[in-house]
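Asks: Have a look at the structure that comes next, please.
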Amino acid sequence: MPQFLDTRRPGFEADFTALLGMKREDSPDVDAVVAGIIADVRARGDAAVIELTARFDRLELTPERLAFSEAEIEAEIATVSAEDRAALELAAERIRAYHARQMPENARWTDAAGAELGWRWGPIASAGLYVPGGLASYPSSVLMNAIPARVAGVERLVVACPTPGGVVNPLVLLAARLAGVDAVYRIGGAQAVAALAYGTETIRPVDKITGPGNAYVAAAKRRVFGRVGIDMIAGPSEILVIAEGAVDPDWIALDLLSQAEHDESAQSILVTPDEALGRAVVQAVEARLETLERRAIAGASWRDYGAVIVTRDLEEAAALSDRVAPEHLELCVADPEALAARIRHAGAIFLGGWTPEAIGDYVGGPNHVLPTARSARFSSGLSVMDFLKRTTLARMTPAALRAVGPAAERLAISESLEAHGLSVRARLDRLNEG
């Protein structure tokens, strides 16, 4: 059974703090192993990637077969049903339209001193997207990672997707095609991250790596950060639902289970001022678990990390939600807009009972790659901005240099950086000669 907390009871603060501090991710000490894999790929290139793929994925490859050929992609895509294709195309269209609105504008102006200032935006040159592999891989994640990159203008876009035993989800290849991916490599794990970061004889290095993965992939992304950019280190999925009133307990139960079924370490929390609703939702969850296909996973998540929290009112519920800073936040209340205005920390907010989190996973439009483990306090979900760089611009006229140059010279002297000051003074002296 999940924890059942009540803000009015003694000991709540200690219990809630313990809930926030629960270690949900099984993160074995893989760093040494990952360091060895990365070093091996850097030293031996394709040979290391091929050997590691045979060992971990039971798949024999050659340099020529590291990437799917066009013929292989076409053959796999041909097996996708018309219904699945239409659903994926709708998702791609909506994700593309949403992210197109995120594109920022360049700026240029002249300030009071006469200096021309501004900034311009430009895409990174290349990106590598990691997609967990096998039949359980998620084509929606391909769309959510690749489409923002394409909208941003990234020139070269590749996917690394392990294919254990040679098995690939055709929908992943279709998603890659719809998103405009240039190449799909059938490799995974830390070796794929290393290949994308450092390159091999066959695989060209990229500038940024995004996408989820297991502990080995996460550790590899940490290690290559600095050589390349990364999106985030994502943990187990999580959802917090604030609910009140006449909402259907079964709907809330299904929304909680939609995250619980991802992973035994996922977390689902209901916060409500209505204790009766909270207990009804618990009963509905138990009933749904009896028939849910992934009931073993969802049941373990709900049992070990689930919680129902009864509050005095919705204002208190919002305050508790901010302390959790959930990846996904559903507001199943009479006035979700008013409650959302009280929320500061959430990866994504789903407004009203007709907006289940699952819509956001697929066809809502906003990105489903979101900050977890309370990192929504200081970070945001994946967006076009993750594939753009801002370059600042400055142009001094002689008059502007006269106006601000002496202050720059004084500051350089105060920091004992002689050449800095002299570089300004030389120009000021030339102006004074005139």
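Residue numbering: from 1, along the chain as shown.
Quick reminder: no glycine exception, Cβ is built from N, Cα and C everywhere.
Okay, so Swiss-Prot annotates it like this:
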- TYR130, GLN191, ASN214: NAD(+) binding site (BINDING)
- SER237, GLN259, HIS262, HIS328, ASP361, GLU415, HIS420: substrate binding site (BINDING)
- GLN259, HIS262, ASP361, HIS420: Zn(2+) binding site (BINDING)
- GLU327: active site, proton acceptor (ACT_SITE)
- HIS328: active site, proton acceptor (ACT_SITE)
Asks: Give me the CA-CA distance between HIS328 (substrate binding site) and ASN214 (NAD(+) binding site), in Å, as a whole number.
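Replies: Between the Cα atoms of HIS328 (substrate binding site) and ASN214 (NAD(+) binding site), the distance comes to 20 Å.
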Asks: What is the total of other Cβ atoms whose distance to the Cβ of ASP361 (substrate binding site) is within 10 Å?
Replies: 20
Asks: Let me know the DSSP-derived helix, strand or coil state of GLU415 (substrate binding site), please.
Replies: coil
Asks: Just going by other Cβ atoms within 10 Å, which of the binding-site residues GLN191, ASN214, SER237, GLN259 has the emptiest spot?
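Replies: Ranked by other Cβ atoms within 10 Å, the binding-site residues GLN191, ASN214, SER237, GLN259 bottom out at ASN214.
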Asks: For HIS262 (substrate binding site), which residues of its chain lie six or more apart in sequence with Cβ-Cβ distance below 8 Å?
Replies: PRO236, SER237, ILE297, SER301
Asks: Which of the recorded positions TYR130, GLN191, ASN214, GLU327 has its Cα nearest to the Cα of GLN259 (substrate binding site)?
Replies: GLU327
Asks: Among the binding-site residues listed here (TYR130, GLN191, ASN214, HIS420), which has the Cα closest to the Cα of GLU327 (active site, proton acceptor)?
Replies: ASN214
Asks: Identify, in sequence order, the residues in the chain of TYR130 (NAD(+) binding site) that are 6 or more apart from it along the sequence and have a CB within less than 8 Å of its CB; answer 'none' if there are none.
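Replies: For TYR130 (NAD(+) binding site), the qualifying residues are VAL159, ALA160, CYS161, GLY188, ALA192, VAL193, LEU196, ILE209, THR210, GLY211, PRO212, GLY213, VAL217.
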Asks: When you measure from the Cβ of GLU415 (substrate binding site), which residues in the chain that are at least 6 apart have a Cβ under 8 Å away?
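Replies: Correct list: empty, so none.
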Asks: Counting only other Cβ atoms and using a 10 Å cut-off, which of the binding-site residues HIS328, HIS420 scores lowest?
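Replies: So among HIS328, HIS420, the binding-site residues given, the one with the fewest Cβ atoms within 10 Å is HIS420.
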Asks: Using C-alpha atoms only, work out the spacing between GLN191 (NAD(+) binding site) and ASP361 (substrate binding site) and round it to an integer in Å.
Replies: 28
Asks: Express the distance between the Cα positions of ASN214 (NAD(+) binding site) and HIS420 (substrate binding site) as a whole number of Å.
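Replies: Cα to Cα, ASN214 (NAD(+) binding site) and HIS420 (substrate binding site) are separated by 48 Å.
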Asks: Among all the protein chains here, how many other CB atoms are within 10 A of the CB of GLU327 (active site, proton acceptor)?
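Replies: For GLU327 (active site, proton acceptor), the count of other Cβ atoms within 10 Å is 29.
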